[in-house]
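Participant: One structure, pasted below without further comment.
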Amino acid sequence: MQLLFSRLNCPSVLSRSSYRDAPAPDQSCVLLWTCFNCSMSSLCWSNTNHSPFLLMGIPDLEALHMWISIPFCLTYIMSLLGNGMVLLTVVLDKTLHEPMYYFISMLAVIDLIFSTAVVPKMLAVLWLDSREIGFEACFIQMFFIHTFTAVESGVLLAMSFDRYIAICNPLRYSTILTTSRTIQIGLLSLARGTGVMTPLMCLLTSLPYCGTRVIPHSYCEHMAVVALACADPTVSDLYSIIVATLLVGTDSVFIAFSYTMILRSVMRLPSQEARLKALSTCGSHVSIILLFYIGGLLSMYLQMFSVGSAPHVQVLVADFYLTVPPMLNPLIYGLKMKQIQEGMLKLLRHLVRLSVPQADKDRSDAERRRHPQKRIDPIVEQV
């Protein structure tokens, strides 16, 4: 029932009692007014205290912050390069202008947003000890994590539908999944994520935070922030549980149904070669789904059943869950999808061809400046 609440960072009713003792600051829904002009923002103005929060980073491992930051920095750089390369490949290569690759580019955008929402501030905490995060900035970060988790779940569902049509009904694939319809599906996933998370942010920001402002985490993790509230968060807890159950539960059921139908259709193919070819087109998608759901389950159980586990273990698992998949997803595309791999190689060759003539031109210009030619007067030359 609570599948992947950790990725949605939904507080568990079972573990809420362990967070009840810590109070925190007051707040307002400026984040929704500023970013989205939310019509519900009038419900979120009950707080007047806008004092910032303080992020601890990795509890109990403060002396190792500099070393711990190195893998996070490397994963962020690889995530930017890999997802940026996927986006450029899909945009520039016209042979990849198909629904499946549009969905892959949507996942790349989501991964870039996840990484950029979390890692820069995390590195500032670990490197510079810049622990302060503004009240509105904290909930904006939480909003992006929540919203694009829901969006990613929707895009994974759309990708399973795409594979179902491509394998089970290939003759109608181009008429069912047109370019405009693919874009509409992506926008619908974004609207769904924004629509269900906006009320949650209103509920969270209307809670009074009147005590400690220290968040025992490296980013504004939902459960850690709600633990600072000095009022009963039952309403927001129930809302987050219901939303997570409906979103993740419904999407996972439909994804499972799609792949059950795909497997059933593939098993009816006459030759083993045809079956393997059909299944190989789904390999990268299945890998991404497993990464999304298994990682979420692991993080969720560590948050819910934290007895015996050190706080820094929970924080590190949550951090890696938000940073490692955005790095791995482009590698999965490149390794398992031949078309993406070939498109990336073509793009790299094109960039190399562009850079080599420019380098030769710069070298020749520098050579001319170093050894200027003598200018011969034409009159002297005639004499």
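Note that Cβ sites are derived from N, Cα and C of the backbone, with glycine treated the same way.
Pasting the relevant annotations from TrEMBL:
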type	residues	note
DOMAIN	82-333	domain 'G-protein coupled receptors family 1 profile'
REGION	359-383	region 'Disordered'
TRANSMEM	64-88	transmembrane segment
TRANSMEM	100-119	transmembrane segment
TRANSMEM	139-159	transmembrane segment
TRANSMEM	238-257	transmembrane segment
TRANSMEM	278-301	transmembrane segment
TRANSMEM	313-335	transmembrane segment
Participant: When you check the transmembrane segment (313-335) against the transmembrane segment (238-257), do you get at least 3 Cβ pairs under 8 Å, counting only pairs 6 or more apart in sequence?
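Facilitator: These two stretches do not touch.
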Participant: When you scan the chain for residues with a C-beta under 8 Å from the transmembrane segment (64-88), skipping those not six or more beyond its ends, what do you find?
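Facilitator: Beyond its ends, the transmembrane segment (64-88) has Cβ neighbours at 57-58, 104-105, 108-109, 111-112, 115, 119-120, 122-123, 125-127, 129, 316, 319, 323-324, 326-327, 329-331, 333-334, 340, 344, 347.
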